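Chemist: Quick one: this structure, given as structure tokens, is what I'll be asking you about.
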There are 2 protein chains.
Amino acid sequence: MFDNKNLFKTPISEYGEFGLIEHLTKNLSLFNSSTLKSIGDDACVLDSKNKEVLVSSDTLVENIHFNLTYTPLKHLGYKAVVVGISDIIAMNAIPEQILISIAISNRFPVEALDEIYAGISTACNFYKIDLVGGDTTSSNLGLVINITAIGYAKKEDIVYRNGAKPNDLLVVTGDLGGAYFGLQVLERENVAFKANPNLQPDLNDYTYLLERQLKPEARVEIKNLLEEMQVHPTSMIDISDGLASEILHLSQKSNVGFSIYEDKIPMDNQVISTASEFGINPVTGVLNGGEDYEILFTIPVSEHDKIKHNPNFSIIGHATQNNKNFLVTKGQNEIIPLRAQGWEAYLKN
Amino acid sequence: MFDNKNLFKTPISEYGEFGLIEHLTKNLSLFNSSTLKSIGDDACVLDSKNKEVLVSSDTLVENIHFNLTYTPLKHLGYKAVVVGISDIIAMNAIPEQILISIAISNRFPVEALDEIYAGISTACNFYKIDLVGGDTTSSNLGLVINITAIGYAKKEDIVYRNGAKPNDLLVVTGDLGGAYFGLQVLERENVAFKANPNLQPDLNDYTYLLERQLKPEARVEIKNLLEEMQVHPTSMIDISDGLASEILHLSQKSNVGFSIYEDKIPMDNQVISTASEFGINPVTGVLNGGEDYEILFTIPVSEHDKIKHNPNFSIIGHATQNNKNFLVTKGQNEIIPLRAQGWEAYLKN
């Protein structure tokens, strides 16, 4: 391996159109019988098998959604798949295909694209997703990745944002805030490294947070888990922006309000200790941070007993008659209106 | 209208996430009963009605695919739809939905997004396409538009790139080279304008070329036209890159060669006169230029009589046993191997 000095220097222009796409996708497998025709024509061809078809589109932009200083390209490719399929999972559907379009500067060698595709391929293998199309184009503007995700569900299984009813319980999977505080750690170390490149950061205390930020997972198992438990969600969304923003989405679409309880929000110990280190209230990070890709949903209060002791789920609040949204602080000393700060920060760049 | 001095200066950040998407999409209509759920959830929901589903993804990058100096934003929005649905048409399918994701710098005001969406909306109305999703995100890298196009066809109607047989006739819709020479004119006037901003260019001699470049149309009617004529294409592709590149795609996928005849290539008079003015062989422009969004397809030689006098179609050559591809020049004095120069130019940016 080390005898090839040009290993990381193959210019993209050395491949023709045919060659580059074939090279990048040669190790990909197909998993789903819904894929009739994959890469290699003007469009892919899919068989929905009498189910409804769900499609979403997301864009990841360099220096807005990721910083290549500390984001390995392989992780970026993996995360692109997760971001895409999480939207399908959030409709209570099963993701089966993605199309990925990449605009990349010629300052990147082919080996950079190889890394991105290695990450895409790893995620596709893990989640049994078929990469069925896309586009690779030049960019003199940096790296932009667009992900189209496609999934399927029976009509009666699809869960929208607009079905929450007053008194429904608000439930979240996993724990929250990890990705946000992982980003804070990476940003801090990046600044420290720029000031003194000889510094070797000790990141042992943040391993969980860094994994949540750099290699998030999509909750692809939730649909089956809820089915087994005979739990019937009434509304559903994924947590890509902050928890506050997602709650406001459910609130607006369902025309209900939500009250959530600070002490019910699931957080890992690393979130709490790192928040303290940064002098940030951990709940503020959870409400405004985002990128956890957990699933937020409502269930009828009658299904409380089915879910209450399941370690995969936390009941964090409930829906109310009016469309006002509040955080109730610990000890119920204070009631704070929820605002969608995630989105505003997003647009500040 | 003119009493509002801030008309073109609304910062994107003035809209929240809900407000911006609602504002941009409020005038859009839905045309297709395959659209069960449009914008406003994590994914759109579509009913394929027992047909196969076709999906494509394209990216348009500022300064690579368009130059905002001479591309009106409304035209850019229109063209984005055309670029997207052309891929579906090229499978002999009917496009019905698009998702459009835009990464845009905050240096653009909301009114710039309004213009892009006005073009998207005009195209969607004209082609009866439903805009069912997408993403609007910040970019500090310029403007990037991704288009996911979705269409439907019966399995037996879909035409792939790989079905051409030796002796099949190679047919193209419309005429070629207009978009390429329109771009040459725009680039020349742009340079002249930079040198002397008081120059008022007279573009009357180039109206057709400019329209082909700035407001191309997708050949959405071809499927019905071929059905009415009882013509059965064996392979099909759209001309988004140069004619040479598209022929090489059909050749490679079908494992045949093609011979095309210079004097059979349909070109508008403005293409020929403008090529002469620029000192470029018009056929070179056609072979390497691209962006005409005409449809290139093969038919069995037995269907020659059905198509030969139809003004919508030109028979420009035929498929051969080996997989070599040639241009036969006028008077058959020379036989020139075809090369895919479009792609190489593409990557040079």
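Every residue gets a Cβ built from N, Cα and C, even glycine.
Dumping what TrEMBL says about this protein:
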{"type": "BINDING", "residues": "B:Asp42, B:Asp87, B:Asp238", "note": "Mg(2+) 3 binding site"}
{"type": "BINDING", "residues": "B:Asp42, B:Ser56, B:Asp87", "note": "Mg(2+) 4 binding site"}
{"type": "BINDING", "residues": "B:Ser57, B:Asp58, B:Asp135", "note": "Mg(2+) 1 binding site"}
{"type": "BINDING", "residues": "B:Asp58, B:Asp87", "note": "Mg(2+) 2 binding site"}
{"type": "BINDING", "residues": "B:His65, B:Glu291, B:Trp343", "note": "substrate binding site"}
{"type": "BINDING", "residues": "B:Tyr117, B:Gly134, B:Asp135, B:Arg161, B:Ser240", "note": "ATP binding site"}
{"type": "BINDING", "residues": "B:Asp241", "note": "Mg(2+) 5 binding site"}
{"type": "DOMAIN", "residues": "B:40-152", "note": "domain 'PurM-like N-terminal'"}
{"type": "DOMAIN", "residues": "B:165-298", "note": "domain 'PurM-like C-terminal'"}
Chemist: Given the binding-site residues B:Asp42, B:Asp58, B:Gly134, B:Asp241, which lie within 10 A of B:Glu291 (substrate binding site) by CA-CA distance?
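Modeler: If one measures from the Cα of B:Glu291 (substrate binding site), the binding-site residues that come within 10 Å are B:Asp241.
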Chemist: Can you give me the same-chain residues 6 or more apart in sequence from B:Arg161 (ATP binding site) with a CB-CB distance under 8 Å?
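Modeler: In sequence order, B:Ser235, B:Met236, B:Ile237, B:His249, B:Leu250, B:Lys253, B:Ser254 meet the Cβ cut-off.
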Chemist: Are any of the binding-site residues B:Tyr117, B:Ser240, B:Glu291 near chain A, where near means a Cβ under 8 Å from a Cβ there, and if so which?
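Modeler: Checking chain A against the binding-site residues, no residue falls within range (Cβ-Cβ under 8 Å).
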Chemist: Any idea what DSSP makes of B:Asp87 (Mg(2+) 3 binding site), helix, strand or coil?
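Modeler: DSSP assigns B:Asp87 (Mg(2+) 3 binding site) to helix.
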Chemist: Please report the number of other Cβ atoms within 10 Å of the Cβ of B:Asp135 (Mg(2+) 1 binding site).
Modeler: 19
Chemist: For B:Asp58 (Mg(2+) 1 binding site), what is the tally of other C-beta atoms lying within 10 angstroms of its C-beta?
Modeler: 23
Chemist: Neighbour count, 10 Å Cβ-Cβ cut-off, for B:Asp42 (Mg(2+) 3 binding site): what number do you get?
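Modeler: Total other Cβ atoms inside 10 Å, all chains included: 24.
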Chemist: Which value in Å gives the longest Cα to Cα span across the ATP site residues B:Tyr117, B:Gly134, B:Asp135, B:Arg161, B:Ser240 as recorded?
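Modeler: Site span for ATP, by Cα atoms: 32 Å.
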Chemist: Taking 10 A as the limit, how many CB atoms besides its own sit near the CB of B:Gly134 (ATP binding site)?
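Modeler: Neighbour count, Cβ to Cβ under the 10 Å cut-off: 26.
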Chemist: To the nearest whole angstrom, state the Cα distance for the pair B:Asp42 (Mg(2+) 3 binding site) and B:Tyr117 (ATP binding site).
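Modeler: Cα of B:Asp42 (Mg(2+) 3 binding site) to Cα of B:Tyr117 (ATP binding site) measures 21 Å after rounding.
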Chemist: Could you check the binding-site residues B:Ser57, B:Ser240 and say which one's CB has the fewest neighbouring CB atoms inside 10 Å?
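Modeler: Result for the binding-site residues B:Ser57, B:Ser240: minimum number of other Cβ atoms within 10 Å at B:Ser240.
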